[in-house]
C-alpha cells in the first residue's frame, strides 16, 4: 500500500510540472504560438488560467473531495484522519496554484523580467515545498486508509483514479463518443 501511495505522490508531482514544461516541448509561449488558441497569449485569458487546474492532479482531487466524503460515508471516528487528508490535499492544490502565479508574475507585473537564476531558484523552492507536502500527504492517506473499511478503501482507490482520468469540471469529452462518468 505504501508503494502505491508513493507512486501516486510521484505521479502527482510529475503531473504538477507538466503545464510549465509543455510550452517548451510543444513550442508554446509567445515565440511560436504553440498549442494556445488565437487570442490566448495573454496570461489573463481563461485558457491560460485553467491549464494548471486541469492538469494538476491535486487540483482535480480537490474538486472531488466534497462528493468523495459523502460517498465514502465517513464516520465520526474517521473524521479526524479525513479532515487531515482533506486539508493536505487543499494545501497542495494551493501550492500548485501559487507556483502558477509565480510563473506568470514576471509577465503580469509590467516590470523588467528578473534574472533567470532568481526565477529558477523560485521555481525550485515551489517544487521543493510541494514535494515536502506530498510526502506528508502520503502519511495522511496511510492513516486515513487504516481507519477505513475494506469497502471504503476500494471506493477511495477507485475515485482517486477517476479524479485523474475523468476530472470533474474538465472540458467536455471529445466527439469520439466517450461520455462523462456517473457518480
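Glycine is no exception: its Cβ is also placed from the backbone N, Cα and C atoms.
TrEMBL labels come from automatic prediction, so no person has curated them.
As the structure is a computational prediction, the values presented were derived from the model and not from experiment.
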Annotated region 'Disordered' segment (source TrEMBL; candidates 25-53, 54-82): 25-53
Per-state residue totals over the compositional bias 'Basic and acidic residues' (151-160) - DSSP helix, strand, coil: 10 helix, 0 strand, 0 coil
